[in-house]
Amino acid sequence: MPKNSKVSQHEHTTEHVTESVADLLTHQEPIHYNSSCLNAGGIPGKKIVLNTPVNDGRPAWNSKLQYILAQVGFSVGLGNVWRFPYLCQKNGGGAYLVPYFILLIVIGVPLFFLELAVGQKIRRGSIGVWNYVCPRLGGIGVSSLMVCGFVGLYYNVIIGWSIFYFFQSFQYPLPWAECPIRRNGSLASVEPECEKSSATTYFWYRQTLNTTSTIADSGGLNIKMTLSLLVAWIMVCLAVIRGIASSGKVMYFSSLFPYVVLFCFLVRGLLLKGSVDGITHMFTPKLEKMLEPQVWREAATQVFFALGLGFGGVIAFSSYNKIDNNCHFDAVLVSFINFFTSILATLVVFAVLGFKANLMCEKCVIENAEKILGYLNSNVLSHDLIPSHVNFSKMSLVDYAEMYGVIRTVKEGSFDRLGLDPCLLEDELNKSVQGTGLAFIAFTEAMTHFPASPFWSVMFFFMLINLGLGSMIGTMTGITTPVLDTYKVQKELFTVCCCILAFFCGLLFVQRSGNYFVTMFDDYSAGLPLTIVVLLENVSVAWIYGTKRFMQELEDMLGFRPCSFYFYMWKYVSPCCLMVLITATVVEMVISPPGYNAWVEELAEERFQGYPPWALVMCFSLIVVAMLPLPVVFVVRHFNLLSDGSNKLSVTYGKGLKEISNLEEVDETRSILGKNPGETPSPKAPPGTYLGTNPRENPHSLSPNSCYGTSYQNVISPTSPDSDS
């Protein structure tokens, strides 16, 4: 062994000798390995302190408000407006809020806190964070990045749809208020497809999407949607091109403006006739629904996606925080703002849907009253069946219900031949509408009856654009931050290239059959892969690194020890809930036939169709491709086929940090590094020399026998005064 090596020196002197890669890079005083962040060889229960430089040159948020708005803008998205109200309506009204709130506390807040904490502590994007915690599970970050890519591709298409409707709203009357008239010489007739459905439905499927009747028929590009998608990507590119320096400023508007619109809609909605009926319907609990496992599964899924867990955006945003920022407060605050927003959006939606339901019932009463009047004039029905107080020129729902009941009782045998409808308000309110159907059909139809309808339409779709933009900024940050942390590339150039590539890939979704691909990606590209990603995040911190050690890290970082509630959630409850959710998702995918709702032009309605074989392959390829980095990275690092990257910093922000891109390979423990890169440790050095502890005494340590070390370890002899052996 060379006499000038660290191990040799330690054998002949009692001088405290430690050194790490970080020391070499910064030329600072060496730090003890027990003081490094997420150290693989650290001793459970031992105080661990991260000596993170305060001014490391990494971009930082201008203010705490800007950061909170960024997290709120990312977590509060289109799903709060059109997914949560639908689930609330479908799963028991007010009763659905109980399992949702319980699962928000049990799964949502702890896992959101975990992502905020690791991002803030390690100050890297998702790839860097999970390489640092456990290199063998470094595929977690890559999978997050790939899912962000898939979701960003189709999510921006929805923003493009909103942009199209936004510009179409500057007309009076609104272009979807009435069915178009087909003229043939002197003859004029209503468009048959529109007459069979409705004006808003026709405008959505025919004039906006111009959709085909099957996913196999692409129909070519839809030029209007292609231009809208281009505008959407230009907006996103401008918002994220300078990182948080530009996106942080955008968030002041994109995060706050939707709340202004929601409050305006709530006030306007409460003044509409029938709005109270809608809100009452929403909050009337169907308690028996709480006993159904499906309700809890859908509540867990909604909590999971509402907070943006697993996407990497949460970690990326928190990585730009100061090391002592109170991320626990942030986690609780953002989670409950998200919950409050969902409730607010649901109130708005049901107030407007209550108004729409009353309009539909009144229309139904008028149509059926005309039928009854015709039956009376043709003596099919006797005038004696009509109550004396009923006025056909101004018939109320109550009067019609009474008359309908009498006719049904008297004409029991031949009642079906009359073709009368019950016109029940409850039936209208029970019609479940979600996603694009809620935003672009049901809500737009209701707004056509508003006074000054173009104004409200402009406000609504501008709100959708801002909600989508906030989520897209977080999604793009989840892609750009890990790459910029790992590779030395120009931020602006990389962002522009990503947006250009995404636009061309997004042309798949602006074909005439593009909305079917949006449904496919929404169903298969994110759900299962993200749940597995978050489960592995939870396991890597709680079980591999160790919950006790992580709690100690949080105490050192925050200045207080988080409640023991989080210990048990991270250690036991959250992993179990996630495994149950994964199992339920897989069972649901097996039981439910894979398919989509296709718009059949001849029938002017949606019909469920199964995917053709090539589309089935595409569906499951999305899942496989998103999860593929997990086993690939594990295998190549388990067999040392690829450097884990934890012993080098390929990109740094600090002016005092030197770029090191060609560090020579060290032995598999990577725990000894001399002053000169060419020096190598003694091959006979025992494992205890490197780790400071016997791996068998610390089964949860990130030792080379379990998972590669996660920090720059230093040489401590078993006989050293600082050793714990």
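Even glycines carry a Cβ here, placed using N, Cα and C.
Remote same-chain residues near the transmembrane segment (67-85) are listed as 61, 155, 158, 244, 247-248, 251-252, 254-256, 258, 282, 302, 305-308, 313-314, 317-318, 320-321, 330, 333-334, 337-338, 341-342, 345-346, 349-350, 434-436, 438-439, 464, 467-471, 473-475, 477 (criterion: CB distance under 8 Å, separation of at least six residues from the stretch ends). Annotated transmembrane segment per TrEMBL: 67-85 (among others), in sequence order.
Annotation source TrEMBL lists Na(+) binding site at Gly73, Val76, Asn80, Asn338, Leu467, Ser471. Of all the Cβ atoms in the protein chains shown, 24 others lie within 10 Å of the Cβ of Asn338 (Na(+) binding site).
Annotated transmembrane segment per TrEMBL: 97-118 (among others), in sequence order. Long-range contacts of the transmembrane segment (97-118) within the same chain: residues 88, 129, 133, 290, 295-296, 299-300, 302-304, 306-307, 309, 314-315, 318, 327-328, 330-332, 334-335, 339, 343, 534, 537-538, 541, 550, 553-554, 557, 562, 565-566, 569-570, 573-574, 577-578, each at least 6 residues beyond the stretch ends and with a Cβ under 8 Å from a Cβ of the stretch.
Under the heading transmembrane segment, TrEMBL lists 139-167 (among others). Same-chain neighbours of the transmembrane segment (139-167): 78, 125-131, 208, 224-225, 228-229, 231-233, 235-236, 310-313, 436, 439-440, 444, 457-458, 461-462, 464-465, 468-469, 471-472, 475-476, 478-479, 482-483, 502, 505-506, 508-510, 514, 517-518, 521-522, 525-526, 529-530, 532-533, 536-537, 540, 622, 625-634, counting only residues six or more beyond its ends whose CB sits under 8 Å from a CB of the stretch.
The feature transmembrane segment is assigned by TrEMBL to 227-245 (among others).
Summarising the annotation, TrEMBL assigns transmembrane segment to 252-271 (among others). Packing against the transmembrane segment (252-271) from elsewhere in the chain are residues 66, 69-70, 72-73, 76, 239, 341, 344-345, 347-348, 351-352, 355, 450, 456, 459-460, 462-463, 466-467, 469-470, 473: each is 6 or more residues past its ends and has a CB under 8 Å from a CB in it.
Remote same-chain partners of the transmembrane segment (299-320), defined as residues 6 or more beyond its termini with a Cβ less than 8 Å from a stretch Cβ, comprise 58-61, 67, 70-71, 74-75, 77, 79-80, 83-84, 87, 91, 96, 99-100, 103-104, 107-108, 111-112, 115-120, 122-126, 129, 141, 144-145, 147-148, 151, 244, 327, 330, 334-335, 338, 342, 471, 474-475, 477-482, 485, 526-527, 530-531, 533-534, 537, 577, 581, 585. Residues or ranges marked as transmembrane segment by TrEMBL: 299-320 (among others).
Annotation source TrEMBL lists transmembrane segment at 332-353 (among others).
Per TrEMBL, transmembrane segment is recorded for 455-481 (among others).
Residues or ranges marked as transmembrane segment in TrEMBL: 493-512 (among others).
The annotation transmembrane segment is assigned in TrEMBL to 524-545 (among others).
Residues or ranges marked as transmembrane segment in TrEMBL: 565-591 (among others).
Feature annotation from TrEMBL assigns transmembrane segment to 611-636 (among others). The list of residues near the transmembrane segment (611-636) in space but at least 6 beyond its ends in sequence, with Cβ under 8 angstroms from a Cβ of it, reads 136-140, 142-143, 146-147, 150, 215-216, 520-521, 523-526, 528-529, 532-533, 536, 594-596, 642.
Annotated region 'Disordered' per TrEMBL: 672-725, in sequence order.
Here TrEMBL flags 691-725 as compositional bias 'Polar residues'.
Against the transmembrane segment (493-512), stretch 455-481 shows more Cβ pairs under 8 Å than any other of 455-481, 524-545, 565-591.
Contact check: the transmembrane segment (524-545) against the transmembrane segment (565-591) gives at least three Cβ pairs closer than 8 Å, residues 6 or more apart, which meets the contact criterion. Note on the binding-site residues Val76, Leu467: the fewest other CB atoms within 10 A surround the CB of Val76. Ranking the binding-site residues Asn80, Ser471 by the number of CB atoms within 10 A of their own CB puts Ser471 at the top. Annotation for Gly73 (Na(+) binding site): same-chain Cβ neighbours under 8 Å, separated by at least 6 residues, are Met251, Ser254, Ser255, Leu469, Gly470, Ser471, Ile473, Gly474.
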